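See structure below.
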Amino acid sequence: MSTDLLALAFQALFTLVLAGVHFGLWRQQKQRWYATWSIAWMLYAMRLALISAYLLDPVRNEVWLFLHQALTGITALLLLLAAQQFSSNVRWRRRYLFVGLAAVAWAAYSVLVMHNMAIAGASSVVLLSGVTLTTGTVFWRHNRIYPSSGARMLAWVYILWGFHHLDYPFLRPLGQGVLYGVFLDIIFIVSVTVGTLVLVLGQERRQLEQRTQQLEQLSQLLLRAQEEERRRIARELHDEAGQALTALKIELDLEGRKEASALAARALEQVRNLSELLRPQALDDLGLVTALKALADDFTTRTRIEVKVEAGEDDAWAPDVALVLYRVAQEALTNVARHSGAKRAWVKLTRDASGVQLVVEDDGRGAGANPRPHLGLLGMRERVTSVNGQLQLASAAVGGLRVEARLPHKSAI
């Protein structure tokens, strides 16, 4: 096999790889421009096979040249269509078929009628160059709208490849110059393959980021809706059930029914506690630090677990952030009562230049290196994430579990 044929075989192989990449992308994403590019690159490889057949033909039949020129024209038009589909979402029209037939007719006329390969070759070179340059500008505009290293790479590759097509008439008379041209074509084909994959990965990463952002926004909306519903239920319990039980207790006291009055008093206390759990009034009226101290006192009264609160002054807090910190402390203390077997717990609220840190730890048995996830833990994590914070679990120095919520400074004010 001659050097020219070997070079053409390598170029055809790399072109088929490029066609396969686009076919795989079409199978995955169902975008029609990938299908069009795949067909175009397969035809590009076929035209290389046709010119190889011409070189192998002892009589050098012009039919091979005609088929080569016809496929060149069709390939160029398909590449142009794929670029327009990618940039403007252009759909296939029947009139495009007539443009392809015109390219085939011109190839037949220039090769089989005029027998002038100079004209046929020049027209193919100009057409391929124009289409390749146009594709480069398409990716250039795409990069300006959606900055991407893949689109930027493809823009430069196609533009340089477009100018390279124009040097074919000058390289052909140089003998080995054709081999250098084929070598450059292979480099461009490999670059297009890499650029396409980089572009697709960038698009998928951008889509993943958008979906993550949408999920975070949805989570925030759900948490806000949950808090609004808690506030409504707490208000209903306080205003309706609380007042009704208060009136009932007064009536029972007036009638001297002490046992029934005591039951009503306990029910009233439970309603007030439930209302406080649903929406802490102290958080709205007195601030975060005071609410945390009230939470600790109530927790100690109910569970006999001593809780020490270490916090600074009750500065101004963003309402969402104050609520998140309170709920994290509330859930963490609930976990202490349910799972740790602790006798003491600590709630520490600190603030520095980087943000705010809430730490809840206990002297219980802990939860090991990988605490089993549960709804409470997931709820804490969702709340902290909703204000761009981070939640970490670790073993406490005193032996139990350490729950640390860190919120950035911009979220804490």
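Just so you know, glycine gets a Cβ as well, placed from its N, Cα and C.
Keep in mind that TrEMBL annotations are predicted by a computer and have not been checked by a curator.
The structure displayed is predicted, hence computed values, not measured ones.
If you look up TrEMBL, you'll see 6-26 (among others) marked as transmembrane segment. If you look at the transmembrane segment (6-26), the same-chain residues 6 or more away from its ends with a CB under 8 A from one of its CBs are 32, 34-35, 37-39, 41-42, 44-45, 48-49, 51-52, 178-179, 182-183, 185-186, 189-190, 192-193, 196-197, 200.
The annotation transmembrane segment is assigned in TrEMBL to 33-56 (among others).
Non-local neighbours of the transmembrane segment (62-83) in the same chain are 33, 36-37, 39-40, 43-44, 46-47, 50-51, 53-54, 90, 92, 96, 99-100, 103-104, 106-108, 110-112, 115, 117, 120-121, 124, 127-128, 130-132, 134-135, 138; each lies 6+ residues outside the stretch with a CB under 8 Å from one of its CB atoms. Summarising the annotation, TrEMBL assigns transmembrane segment to 62-83 (among others).
According to TrEMBL, the feature transmembrane segment maps to 95-112 (among others).
Under the heading transmembrane segment, TrEMBL lists 118-141 (among others). Same-chain residues lying 6 or more positions outside the transmembrane segment (118-141) and placing a CB less than 8 Å from one of its CB atoms are 65, 69, 72-73, 75-77, 79-80, 82-84, 86-87, 103, 106-107, 110-111, 151-152, 154-159, 161-163, 165-166, 168-169.
Among the features that TrEMBL reports, transmembrane segment is placed at 153-171 (among others).
Here TrEMBL flags 177-201 (among others) as transmembrane segment.
According to TrEMBL, the coiled coil annotation covers 198-231.
Summarised by DSSP class, the composition of the domain 'Histidine kinase/HSP90-like ATPase' (324-410) is 31 helix, 31 strand, 25 coil. The domain 'Histidine kinase/HSP90-like ATPase' annotation in TrEMBL covers 324-410.
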> Which whole number is the mean pLDDT over the domain 'Histidine kinase/HSP90-like ATPase' (324-410)?
Replying inline: 81
> Under an 8 Å Cβ to Cβ limit, what residues of the same chain, 6 or more beyond the ends of the transmembrane segment (33-56), are close to it?
Replying inline: 2, 4-5, 8-9, 11-12, 15-16, 18-20, 22-23, 25-26, 64-65, 67-68, 71-72, 74-75, 78-79, 81-83, 85-86
> What else in the chain is close to the transmembrane segment (95-112), if you only count residues 6 or more beyond its ends and a Cβ gap under 8 Å?
Replying inline: 62-63, 65-66, 69-70, 72-74, 76-77, 81, 119-120, 123, 127
